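First the structure, in the form of C-alpha cells, and then the observations on it.
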Amino acid sequence: METMGRHVISELWGCDFDKLNDMDFIEKTFVNAALKSGAEVREVAFHKFAPQGVSGVVIISESHLTIHSFPEHGYASIDVYTCGDLDPNVAADYIAEALHADTRENIEIPRGMGPVQIKQAQAKVL
C-alpha cells in the first residue's frame, strides 16, 4: 500500500522521572533517534516547564518527531511522522528504550491515502 507517510503515535508509561524532566537529555535523544532512522535534522525546539515536564519537536526533512512529557505520571506522548522510505518505528523504539518505558502502546497510521470516502445512505419509502 503506497502512502505519503507513516505516523507512529506512541504512549510510553513507566518512564524514568529524571529522564522525562531533563530537557537536554530528551533533546539529544530525539535528535539521535531521528539520525538513527536515517532522517535529516532541520530544526530543533524544546521547552522545559515548571515544576516539571518537557515538550519539543525535531523537524526533519521527512517530517517530524514530537514529545510531551509528564514526569509526575511517568508518561510521555510521542509522535514520529516520516515520509518516504524511513521507518518511524526505528526512532520510536530508540526513544522508548532511552526513556526506560515499562509499557508502550503504539498506533501506526498511514498518511496521505486520499480523502475518506463515506457513502451516503439511501432510504426507500415503503
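Placed from the backbone N, Cα and C atoms, the Cβ positions cover glycine too.
Copied over from Swiss-Prot:
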- S63: active site, schiff-base intermediate with substrate (ACT_SITE)
- H68: active site, proton acceptor (ACT_SITE)
- C83: active site, proton donor (ACT_SITE)
- S63: pyruvic acid (Ser) (MOD_RES)
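Long-range Cβ neighbours of the residue listed as 'active site, proton acceptor' (same chain, at least 6 residues apart, Cβ-Cβ under 8 Å): G53, V54, S55, A76, S77. Of all the active-site residues listed (S63, C83), S63 sits in the most crowded Cβ setting, with the most other Cβ atoms within 10 Å. Mapped onto three states, the DSSP output places the residue listed as 'active site, proton acceptor' in strand. Across the fold, the C-alpha of S63 (active site, schiff-base intermediate with substrate) and the C-alpha of the residue listed as 'active site, proton donor' stand 6 Å from each other. DSSP assigns C83 (active site, proton donor) to coil in the three-state reduction, placing it in neither a helix nor a strand.
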